[in-house]
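Peer 1: Got a structure for you, written out below as structure tokens; questions coming shortly.
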Amino acid sequence: MKAIIVLLMVVTSNADRICTGITSSNSPHVVKTATQGEVNVTGVIPLTTTPTKSHFANLKGTKTRGKLCPNCLNCTDLDVALARPMCVGTTPSAKASILHEVRPVTSGCFPIMHDRTKIRQLPNLLRGYENIRLSTQNVINAERAPGGPYRLGTSGSCPNVTSRDGFFATMAWAVPRDNKTATNPLTVEVPYICTKGEDQITVWGFHSDSKTQMKNLYGDSNPQKFTSSANGVTTHYVSQIGGFPNQTEDGGLPQSGRIVVDYMVQKPGKTGTIVYQRGVLLPQKVWCASGRSKVIKGSLPLIGEADCLHEKYGGLNKSKPYYTGEHAKAIGNCPIWVKTPLKLANGTKYRPPAKLLKER
């Protein structure tokens with residue numbers, strides 16, 4: 001049997017031959033790399049967002065405190081901190097707190113000389129604790145304190161629940177009953193009465209007025225000296241006599257005098273002392289505070305929930321791991337601030353289409 005051999009001859013024509021390579025569409029994405037500088041890539045994932053200002057919110061999964069006492073209507077946080085009548089109520093616990101009051105912080109009842117002490121800081125001090133409660137008992141018997149007996153002064157601008165004249169529950173205005181004479185400095189010890197190992201915040205102060213009023217109330221029109229000491233911190237004051245313009249608080253009667261209010265922090269089991277002369281505001285109910293609450297500057301009301309609270313932008317939900325814009329304090333599950341936008345390259349390095357090569 002004969003084999004038939006077919007010879008095939010491949011002839012190359014003069015037609016062009018096309019060589020292909022890696023191709024991709026033109027890419028608008030540029031990323032900066034550590035080794036090659038700016039590089040075009042076929043795809044990127046944005047890692048940053050630029051927030052816009054929004055309402056502050058409750059922090060997701062965390063109790064957030066706005067006002068110290070949400071149910072105390074028409075009360076500033078300083079009213080609550082000093083336990084002004086009609087401003088005493090439940091102070092809920094919180095892991096995060098909004099510092100929402102701006103200067104000047106005022107309180108009713110009686111004109112306060114805010115700038116003489118650190119009293120403006122008291123609401124923020126309380127806000128920094130997770131749990132705060134006002135004691136049910138008084139820390140000392142003010143009527144029988146050294147230099148007494150005293151009657152407890154009240155203010156017509158400070159009505160209580162029965163619409164009678166009242167005063168702050170944290171202090172007793174000690175006015176001598178029948179011994180209206182000058183006195184040398186007297187000392188009262190302030191015991192620790194909190195029951196759960198909390199910090200005890202004890203509020204106290206003194207009253208100053210015109211010479212005539214000081215003489216009528218206390219039997220002494222000279223400047224009076226006061227000192228508080230607790231937890232290794234000692235503070236001294238000398239009262240100012242006269243020079244106060246009449247001032248009205250919350251539609252009450254015009255007041256010719258002023259009160260200076262301060263506080264001291266007593267650690268568990270530690271006794272504080274107050275050295276005083278006439279016009280003292282002796283401590284009564286105290287704040288018992290424990291735990292820590294993160295504090296951030298913000299505004300009320302708190303609307304909805306957010307992953308993060310940011311001082312400049314309010315409530316943020318974390319849609320990207322980083323953000324650009326204004327850098328400020330933030331708490332919660334927050335994106336990280338970066339100066340310029342970040343991108344993650346999720347494609348390949350861009351290569352231009354291969355050129356057509358001709359062979360003759």
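The backbone N, Cα and C atoms fix where each Cβ goes, and this holds for glycine too.
Per Swiss-Prot, N-linked glycosylation site is recorded for Asn40, Asn74, Asn160, Asn179, Asn246, Asn317, Asn346, and the stated evidence type is sequence analysis. For 1-15, the entry in Swiss-Prot reads signal peptide.
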Peer 1: Taking the Cα atoms as reference points, how far is Asn346 (N-linked glycosylation site) from Asn317 (N-linked glycosylation site) in Å?
Peer 2: 24
Peer 1: Cβ neighbours within 10 Å, counted over all protein chains: which one of the glycosylation sites Asn40, Asn179 has the most?
Peer 2: Asn40
Peer 1: I'd like the Cβ neighbour count for Asn160 (N-linked glycosylation site), meaning other Cβ atoms within 10 Å of its Cβ, all protein chains included.
Peer 2: 15
Peer 1: Just name the winner among Asn74, Asn317, Asn346 (the glycosylation sites) by count of other CB atoms within 10 A of its CB.
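Peer 2: Ranked by Cβ atoms within 10 Å, first place goes to Asn317.
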Peer 1: Rank aside, I only need the closest one: which of the glycosylation sites Asn40, Asn74, Asn179, Asn317 has its C-alpha nearest to that of Asn160 (N-linked glycosylation site)?
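Peer 2: Sorting the glycosylation sites by distance from Asn160 (N-linked glycosylation site), the top entry is Asn74.
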Peer 1: What three-state class does DSSP give Asn74 (N-linked glycosylation site)?
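Peer 2: Its secondary structure by DSSP: coil.
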Peer 1: Quick check for the class: what is the C-alpha distance, in angstrom and rounded, between Asn40 (N-linked glycosylation site) and Asn317 (N-linked glycosylation site)?
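Peer 2: Cα-Cα, rounded: 31 Å.
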